[in-house]
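Features reported for this protein in TrEMBL:
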DOMAIN    56-152  domain 'Fibronectin type-III'
DOMAIN    153-241  domain 'Fibronectin type-III'
DOMAIN    243-330  domain 'Fibronectin type-III'
DOMAIN    331-423  domain 'Fibronectin type-III'
DOMAIN    424-514  domain 'Fibronectin type-III'
DOMAIN    518-606  domain 'Fibronectin type-III'
């Protein structure tokens, strides 16, 4: 109300405690309005203008202070500022300004920071900043600061100590350096042992005129355009002419030994010498980065003296010596694989005296390349057995074992083995069926982690169920009547599926009252290299039995019907080492019952045993083995032990050396140019 009423407020503002009392105010209000309207107008009061205060620059601050520059910042002045004027005045050590050395910098009016350069090191400055207005100079602000000293050489250190030298290094300065002064003062009198001027871009230097095994203090300072920096120093000691502290001769083979020694600080190389008791002497000069060497071309069973001495440029240090004797023999004699499974095998070999380790390599043979990758590993000298894991099933591998003598690789030996194929589910059969279900069962498989059971028909897409390895039977329900279903089972080995076994079964019709019984106790009673013999229990009421067989990995399916009186059947003319699926079902007139499936594998052909090498010379060997009954001949192949990636080459000369074809008799042949 006071904002809208006419002054004075006391005359034009009437207050009432309640609306009901407004009538009491009307006489007063009418009288005052009439009185005011009859008065002449009052003059308008003029308020004095408010003048805005002009403030000069303030809050001066110095940052990024160095020996020759700084950064000055401030809060801008108020008003119509057209620029700033900065006065830079040195201050004497007694605190007096030096106007004769004063500098002036004019700056634009829209900035609040400026760099100040061209200053002197370790000097106090007064910085005064004025605001410039049109036609006049405004207020000012002042700050006093002091520049830093010239930076001394940083990280000055001894990089390398030599017999007669010291290599020194330092970190280059960020500022401009004209040159460096480096020198070595004498300790007994005021003079210099060494004095050198270096360029401003140098960061290292070698002093090579010193004495052996003596301590020196080296000093350095940088020279800037503004003057020299403070001096810094470092202490270093030249090396003493010392022998190799430790010489170790080890890993002897029949023709090599390994010499290993501790490095000598500052040595530029080493001379290694070896001599036999017969007076044969040889030596070799080695660089300073050597701390071991394989001495080769030695004689078996011979004692040698090995000596070494450090070399400092053209000066030889003292000699250190040791003795070693080469081995009489250093080869593995036997290598074999045992406990072979689908994914692992145990390799073993005889120990070799003096060996520091063995390198074992294995990979698929040429026939199986691509099924697995070659691998190798190093084993310590006390190991004579190793378990190979993560192998691929049904794959032939070649083993190579090499003897290690330190970093030297000695003679090797090879052997082959073949992993077992993945186990297939055996005795997979239908035990009963109805119009809506089929019951199946099977025998357990060693190593299986699960079973995968799958069924489908012409009108129903495949359905699968994974069963624990402890489950050996399952009832498939929810099937359509009088429908032919295909039922298969896999054994699972972790993430790998074994081969599939499949059988077919038709569900009964809704009106079937009699079902053909399943043949019981079907089993393989005899296995040969080329045949299987089956046996089963006679089933009453049947007119015959249907025997069907096919290769486990696919191919032609063959079958034969035998009479109802038969309880066995022999399948012949099969290839050796081959897996087959065999089904036996009962037949009633023209109708076939549910088949019972078994699996079997023909035997491998006999292997050669007792294979060994006799009478080995420098260029030939006599091989000996036990004859195999029924064999018509032998294929003999070989390769050089160091030729790891080659295939076995055909024998160049084989001469029969006697023996006969009786069981247990022995034959031998002679191999030349091995």
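Note that Cβ sites are derived from N, Cα and C of the backbone, with glycine treated the same way.
Across the domain 'Fibronectin type-III' (518-606), DSSP helix (H, G, I), strand (E, B) and coil residues number 0 helix, 51 strand, 38 coil.
DSSP assignment over the domain 'Fibronectin type-III' (424-514) gives 0 helix, 48 strand, 43 coil. The average pLDDT computed over the domain 'Fibronectin type-III' (153-241) stands at 92. Residue counts for the domain 'Fibronectin type-III' (153-241) by DSSP state, with H, G and I taken as helix and E and B as strand, are 0 helix, 51 strand, 38 coil.
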